[in-house]
Amino acid sequence: MGNCFAKNHGLMKPQQNGNTTRSVEVGVTNQDPPSYTPQARTTQQPEKPGSVNSQPPPWRAAAAAPGLSPKTTTKSNSILENAFEDVKLFYTLGKELGRGQFGVTYLCTENSTGKKYACKSISKKKLVTKADKDDMRREIQIMQHLSGQPNIVEFKGAYEDEKAVNLVMELCAGGELFDRIIAKGHYTERAAASVCRQIVNVVKICHFMGVLHRDLKPENFLLSSKDEKALIKATDFGLSVFIEEGKVYRDIVGSAYYVAPEVLRRRYGKEVDIWSAGIILYILLSGVPPFWAETEKGIFDAILEGHIDFESQPWPSISSSAKDLVRRMLTADPKRRISAADVLQHPWLREGGEASDKPIDSAVLSRMKQFRAMNKLKKLALKVIAENIDTEEIQGLKAMFANIDTDNSGTITYEELKEGLAKLGSKLTEAEVKQLMDAADVDGNGSIDYIEFITATMHRHRLESNENLYKAFQHFDKDSSGYITIDELESALKEYGMGDDATIKEVLSDVDSDNDGRINYEEFCAMMRSGNPQQQQPRLF
């Protein structure tokens with residue numbers, strides 16, 4: 001399951017390897033971008049094209065996995081509208097692979113064969129609205145429909161019990177696409193072409209099989225194994241829909257950096273997937289997205305303006321053929337935008353084509369690291385500031401929290417948030433309230449605690465005042481040495497469950513501008529206040 005940003009006001013969680021999140025990278029500001037107006041999220045019906053409509057929905061078959069007991073009956077709170085079934089009857093769950101807003105992904109072993117798979121366990125507490133439940137069923141339907149195709153994760157089946165919907169699928173043990181590129185330490189146009197070819201192949205397969213993806217981004221691609229020549233696999237179809245011939249789509253969904261201009265204008269078709277793939281190619285070649293700003297509004301403005309930078313480094317050293325393909329994929333007019341089939345035949349992209357084997361500037365890898373990892377430390381620092389902020393500074397927010405937390409439990413539930421927003425005069429739909437809930441719920445436990453609420457609602461300039469930044473710095477600087485060492489950073493990040501060893505080292509490397517192996521106060525403040533591709537988080541209210 002995932003989020004769209006029909007109107008997203010909240011603090012977003014970082015994308016993690018193997019998780020179930022599909023968050024918008026940055027949230028909506030208090031002003032809406034031009035050329036579009038917020039509206040309630042609408043969900044396309046999971047109708048299959050062609051004669052397939054005469055068959056039972058694939059998700060029914062997926063839910064009715066081998067071993068289903070004929071004595072079990074469908075429960076009233078069923079999401080899949082089928083009998084409950086314990087996934088542990090067929091699979092042994094192992095270690096946690098990733099955690100996201102909607103649940104946890106585990107390594108699992110099939111009891112009958114001993115084969116390893118991934119099990120994405122999605123908490124039913126997170127599936128609150130009718131739209132959530134429809135989306136869940138549609139995601140299963142689409143995954144089963146596409147399963148078995150190259151570069152698309154193989155889907156095994158869906159199992160629902162009282163607490164969760166469990167999706168069992170192919171284990172992609174090679175990790176995230178960008179992690180592999182960064183770890184190699186060197187990179188060529190030919191390597192970028194190989195990656196892009198597989199991503200566009202996913203687009204071609206989806207469109208051929210009647211599916212519009214709508215959320216192509218690097219985080220949604222994993223590597224099938226740790227092998228050097230491992231296939232890239234698309235793993236997330238939570239925002240995908242079946243294409244209806246002649247239908248004009250109007251939902252604003254996706255992730256900010258990768259959204260096509262026609263999505264913002266609420267009139268689009270399958271061409272949006274080519275645009276998103278073009279954004280990924282631009283990042284592969286340069287290390288940064290072509291459109292970014294301090295706010296989501298700024299990103300949208302840049303997308304609608306349409307200026308693409310081919311002058312800054314490393315573009316002067318990138319081949320003209322590569323730039324030609326990027327331009328064709330990022331053509332603003334969807335009618336003139338290149339098709340998936342034509343992308344695959346482009347001289348630069350096709351196998352054995354013009355893409356050079358000459359290494360791309362190492363700065364590109366550095367930028368990719370920043371693009372992927374920087375926000376984790378910023379987010380943790382903001383949480384630390386919120387935990388230690390003076391009570392008098394947040395008296396109003398404290399009262400607001402108490403008013404919304406009607407049962408005095410110390411946490412805000414979905415229902416409490418919905419009622420609280422209504423009292424404040426909000427006219428958000430249930431789906432939009434749910435998005436706010438997911439955005440502010442940093443630890444993913446289904447409710448917003450006091451610190452999460454303060455972090456999401458305080459004005460950012462107050463959180464980032466000199467006094468508060470210094471308090472946060474002191475929190476990390478445990479030995480009061482005036483520096484945050486790698487050990488202190490590792491301890492802090494792991495305390496909050498954020499980041500593996502590789503990410504910790506990447507964060508230190510990105511922030512440590514004088515390369516002395518530690519972070520001083522000036523470097524810390526510069527990191528907190530600088531504009532970078534992982535943007536600052538907006539307010540909940």
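Glycine is treated like the rest: Cβ placed from N, Cα and C.
Values in this document were obtained by computation on a predicted structure and should not be read as measured data.
Annotation source Swiss-Prot lists region 'Disordered' at 1-75.
The N-myristoyl glycine annotation in Swiss-Prot covers G2.
Look at Swiss-Prot and you will find 14-54 tagged as compositional bias 'Polar residues'.
What Swiss-Prot lists as phosphoserine is S69 (among others).
Here Swiss-Prot flags 91-349 as domain 'Protein kinase', drawing on sequence analysis.
When secondary structure is read from DSSP and collapsed to three states, D215 (active site, proton acceptor) falls in the coil class. Look at Swiss-Prot and you will find D215 tagged as active site, proton acceptor, backed by sequence analysis.
Feature annotation from Swiss-Prot assigns phosphoserine to S255 (among others); the stated evidence is similarity to another entry.
The region 'Autoinhibitory domain' annotation in Swiss-Prot covers 355-385.
The annotation domain 'EF-hand 1' is assigned in Swiss-Prot to 392-427. Summed and averaged per residue, pLDDT over the domain 'EF-hand 1' (392-427) gives 75.
Positions annotated as domain 'EF-hand 2' by Swiss-Prot, on the basis of sequence analysis: 428-463.
The domain 'EF-hand 3' annotation in Swiss-Prot covers 464-499, and the record cites sequence analysis as its basis.
Look at Swiss-Prot and you will find D477, D479, S481, Y483, E488 tagged as Ca(2+) 3 binding site, backed by sequence analysis. DSSP assigns D477 (Ca(2+) 3 binding site) to coil, not to a helix or a strand. The Cβ neighbour count for D477 (Ca(2+) 3 binding site), using a 10 Å radius and every protein chain shown, is 21.
Feature annotation from Swiss-Prot assigns domain 'EF-hand 4' to 500-534; the stated evidence is sequence analysis.
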Secondary structure of the domain 'EF-hand 3' (464-499) by DSSP, residue by residue, totals 21 helix, 3 strand, 12 coil
Residues near D479 (Ca(2+) 3 binding site) by Cβ (under 8 Å) yet at least 6 apart in sequence within the same chain, in sequence order, are E488
By the 10 Å Cβ-neighbour count, the most surrounded of the recorded positions S255, S481 is S255
Counting only residues outside D477, D479, S481, Y483, E488 in the same chain, those with C-beta within 8 angstroms of the Ca(2+) 3 site's C-beta centroid are F476, K478, S480, G482, I484, T485, R518
With D215 (active site, proton acceptor) as reference and a Cα-Cα limit of 10 Å, the qualifying recorded positions from S255, D477, S481, Y483 are S255
E488 (Ca(2+) 3 binding site) has its Cβ surrounded, within 10 angstroms, by a count of other Cβ atoms equal to 18
Cβ-Cβ distance under 8 Å, sequence separation of 6 or more, same chain as Y483 (Ca(2+) 3 binding site); the residues meeting this, in order, are D477, R518, I519, N520
